[in-house]
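Student: Here it is, the structure, as structure tokens.
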Amino acid sequence: MEMQEEELPSCSMCLGSSDAEYMRYNMAVSGVILPIVGLIGLCGNFLVVIVYGSAEQRVNSTSIYLAALAASDFLMICTALVLYVFEAWRHQGLHLVATIYGRSAPYVFPISTVLQTTSVYFCVAAATDCFIAVVLPSRFKDSCCTPRRATMTVICITIVSVIYNVPHLFELTSIDCIDERYNYSLSVQICPTELRNNVVYYQLYYTYMYTIFMAVGPLLIIVILNICVVTAVLKKGASGKRVCFRFTLKIFKFP
């Protein structure tokens, strides 16, 4: 057993910053503040799902998008608690936390990116739905802004989001290692794979594709659509405001 442990690599080989001041800061923010904020977010999104996911609200296409967005955000917060809270506490000598984090992170991370993508594009879908309902003629609203169409859109966005984030499944790996900080005990560390360290992959997938499909692109679409909606609302009056009021409140938390 001792010989086997001696052959294992050091956990420091893939360790990020070990600066004491940074570790204290990370512990305060990710280990203490984030769980509190996260629990508040979980409660808020749970209530949104209950309200907008009810049978009375599901007759409205906008409610379906808001319920889907809240559900996606709820699950994304859950993954964030694992990825960031556990990551902060594992450096405090908690072997069980380090093991749970080390074994789960390669799988939780891709799930979190899928949920991030669905949240972004549920916002885009809701903005489009709002645009059609307020700006375009009624015949477009009657054919496009239906519960069935909204449900199909949510399903399609989810499927495409899963496919888009498949590469993240191959970016991290768990390794058994020896942690010199805690009496050379056996632990688990997360290391990037060759794919994650590939310069071309990183530049293409993270720099260009993320900017276009996850940041600037969706935000630009939402801004343009909402400018059109606000302009139409000012002309149409209160009726237009009621159609998209719930979405306008929700959109301020664009991921």
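Heads up, the Cβ atoms here are built off N, Cα and C, so glycines get one too.
According to TrEMBL, the record shows the following:
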- 32-52: transmembrane segment (TRANSMEM)
- 44-255: domain 'G-protein coupled receptors family 1 profile' (DOMAIN)
- 64-86: transmembrane segment (TRANSMEM)
- 119-138: transmembrane segment (TRANSMEM)
- 150-166: transmembrane segment (TRANSMEM)
- 208-234: transmembrane segment (TRANSMEM)
Student: Among 32-52, 64-86, 208-234, point out the range having the most Cβ pairs under 8 angstroms from the transmembrane segment (150-166).
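Tutor: Per the Cβ count, the answer is 64-86.
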Student: Taking a Cβ cut-off under 8 Å, which residues six or more beyond the ends of the transmembrane segment (64-86) line up next to it in the same chain?
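Tutor: Same-chain residues near the transmembrane segment (64-86) but 6 or more away: 30-31, 34-35, 38, 41-42, 45-46, 48-49, 52-53, 57-58, 97, 100-101, 104-105, 108-109, 111-112, 115-116, 118-119, 122-123, 125-126, 129, 147, 150-151, 153-154, 246-247, 250, 253, 255.
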Student: On the 0 to 100 scale, where does the mean pLDDT of the domain 'G-protein coupled receptors family 1 profile' (44-255) fall?
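Tutor: Summarising the domain 'G-protein coupled receptors family 1 profile' (44-255) by its mean pLDDT gives 87.
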